[in-house]
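First comes the structure, then the notes that go with it.
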Amino acid sequence: MVIVSVNPYRELPIYSAEYVKSYKGREIFERPPHIFAIAEAAYKTLKQRSTNSCIVISGESGSGKTEASKVILRYIAAVTNSSNQTGIERIKNILIQTTCVLESFGNAKTNRNDNSSRFGKYMDINFDFKFDPIGGIIRHYLLEKSRVVKQQEGERNFHSFYQLLFNGETTKYGLKLKPEQYNYINQGNCSKINKIDDKHDYQQVMQAMKIVGFKQDETDTIWKIVAAIIHLGNLQFEDQDGEYCRVKSTTDGELSWLSKLLSCQESDISSTLTKRIVATQKEIIAAHQNTTKAYYGRDALAKALYERMFIWLIDHINQTISIDPEKLDSYSHNKSSLVIGVLDIYGFEIFTNNSFEQLCINYCNEKLQQLFIELVLKQEQEEYEREGITWQHIDYFNNKIICDLIEQPRVGIIAHLDEACYQVGNVTDEMFLDSLNKSLKTHKHYTSWALSPGDKLLKNNQKHFLIRHYAGDVTYNVEGFLDKNRDTLFQDFKRLLYNSTNPVIKSMFPEGKQDIGVVTKRPQTAGTVFRNSMIALVDILSSKQPLYVRCIKPNEEKSSNLFDQTRVEHQVEYLGLLENVRVRRAGFAHRTPYTRFVQRYKIIDTVRSKLYPKAKNSSDKESATFICKQLNIENNVAYGKTKLFIKEP
Ligand SMILES: Nc1ncnc2c1ncn2[C@@H]1O[C@H](COP(=O)(O)OP(=O)(O)OP(=O)(O)O)[C@@H](O)[C@H]1O
C-alpha cells in the first residue's frame, strides 16, 4: 500500500478530530487518500490479522517525512483506548512528546529544510492483546555530529544550542556573549531565523522532558553539556615554540566554566586538551600537542560529547517506554506483543559541498528505494509469474547496482575507505580517492575529476568523486572522509569525562574506566557501523507488512525555466511512482490463499453454505471459484496456483 503525500507548506484543516473519526475503522478504499488511511491500514493489519506492520516514510529532505510521522503517531493515539486507562494514556503522551525532545537535539536548519532531521529514527510501537499501545522502542541512526563544530553558510547548528542561548537564562551557564560571538554557533551567519521561535521551543522541550520522565538533575546536565560545548568552541590555544601549546587565558573564563559545567578539574581539562598520554613499553609519557592537534582534539571532544549525550537521551527515553519482558505475559497471549513500526529517516540530499555524512544519508535512501523495489515492484511481479497469472512485465530501474557500489565487501566504497583507514603510515584522503578511481573506473555509476575532467559537475573539483544516485548525480568532497570514518576519540578525553563527578556525564563515557596502557580492540569504523545498521534496518522492515508514505516536495512557486523538468516530475520519476502505478493498475490489489478466502467467505456461498464443511470435497480453489461466480466478480479476479487475486473495484 502506498500513499503519495505532497508537502503543503501550510496548515491544512485535515487533521482534526472529525477527520480522525471519518477514517477510524474504515477500509482504505472507502475514504479519499490520507495519511490517516495508511495509519488505519497499519492498525487494521494488527487487529484483523495479528500481523506486525511498518510504515516507511521516504522522500527527499524537506518533503514532509517528520510531519507525516507525527500525524501517524497522533492518529494511533487518537483511535486507541478512549477509556482513559492511566498506563496507556501515559505511554501515548510520552510517545508524542519524544518527538519534541528529539527534534531539539537532533534537528537543525539546513539549506533545504529549516527543521531537518540530522539523524535517522525508527520507532516500534508495541500493542497489547486489546490493541492498545503499551510501549515502544526507538532505534537511531548516525547523528550528523560534524555539525556541532562546523556549519555551512545559511545553516545552523542543532536547534538545542539556539534554544539555550535565546531562552534568557544564559548567565547561569556563563554564556554572556551574543550568539554571533560563539564559534560553534555562528558559522552559517543565521543564528536567528524568522520561522523558528527558539525561546518558545525551549519551554516546550523542558515541558516535554518532564512528561517523558527526565529528572531535574538529568535535564540540568543535558543543558550544561550543551553550554559546555558552546564554551569549548571559544576556547583558544597559543603556540609555545611551535611544538607545545597551552590554553589561552581569556576574559570569558571558558576553562573555568567548562570545569563547572562538566564537573571536571580545570587543570585536567587543560592538560587533556594540550597533551596526549602515550604508553610505551617502558613508561607512560605525556606528549605535548601543537596548536593544530589541540584544536583537532577540542573539536573531537565537542562532537563526542554531543553524540554521547544524544545517545544517552534516546536510551533514557527507551528505558521509560520499553515494555518489561517479564510482564509480557499479562499483555499478550504468546509472549510477544504486536508492533507497528514507523521509519522517519533523513531524506536524500545534495548540497554545494557533500561529505561523508551525505554519502551515508544518500546510501540509506538507496537502501530504502531498494526495499521498495524489492517489495512493491519486484516481488509483486514475481508472485504473478510464480502463481501462473498472465503478466506483461513492467520495466523499472533497479538501483541495486548503486547499493552494491557503496556497500559491497572488499570492492565497495565503504570497504575502500576502511582499507585506507586501517593502513599504517600517512594515508591521505587523496590516496583513498586514487584507490576508488583505480578500482571503479569502469563503473557506470561512479566517476571523478581524474576520470571525467570534462564533467560539468566535477569541473575544478579535483578532490571530488561523483555517484550517479537513483535520485540524481551527487559529487562528494573526499576531504575529511578518513577522519570521519575513523571517528577517533582519544582515550584521554574518555578518561577525563569518566572522572567527572556528575554521574550522568560519567555514565556516558564508560570506556574511560580503562587503565592507561591497556590495549583495546580496534573499534569498527563509522562507515561499517552505518552499513551494518542499514542492513539490519532492512531486515527489520522486511519482516513486517510494509506500508509506504512517499513524500514529495512541491515545485518552487516561481519555476525558473518552463522547459526544465520540474522538481515534482523529477521526484515522481526517481521514486518509481509511475512504475508503481503501472504494476498496480495492471495487477491485483488484493490476494489471499484459497483456504483463507473460503474460510472467511463461505457464508456468502448461499447455495452450498449448508453443505460446509462437506463442500470441502471440492478443492478450496473450486469453492473460491464458485463463490466468485455467485458474486458476479469473475471479471475482476484471477485464479493463481495457490491464491485468489482480486482487482480494485
Ligand atoms: N502536512 C504538513 N502540513 C503543513 N506543513 C508541513 C506538512 N509537512 C511538512 N510541512 C512543512 O514542511 C517542513 C519540512 O517538513 P519535514 O521536516 O517533515 O521534512 P522532512 O522530509 O522530514 O525533511 P528532512 O529529511 O530534512 O528531515 C516542516 O517544517 C513544515 O513547515
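Cβ atoms are placed via backbone N, Cα and C, with glycine included.
Taking TrEMBL as the reference, the stretch among 304-326, 534-556, 626-648 described by the feature region 'Actin-binding' is residues 534-556.
Annotation note: G59 (ATP binding site) sits in a coil segment as assigned by DSSP. Around T66 (ATP binding site), the same-chain residues six or more apart in sequence whose CB sits under 8 Å from its CB are T99, E103, N107, N115, S117, D344, listed in sequence order. Within 8 Å of the Cβ centroid of the ATP site, not counting the listed residues G59, E60, S61, G62, S63, G64, K65, T66, the chain contributes N7, N113, G347, C551, K553.
DSSP classifies K65 (ATP binding site) as helix under the three-state reduction.
Cβ contacts within 10 Å of S63 (ATP binding site), excluding its own Cβ and spanning all protein chains shown: 26. Counting every protein chain shown, the number of other Cβ atoms lying within 10 Å of the Cβ of E60 (ATP binding site) is 24.
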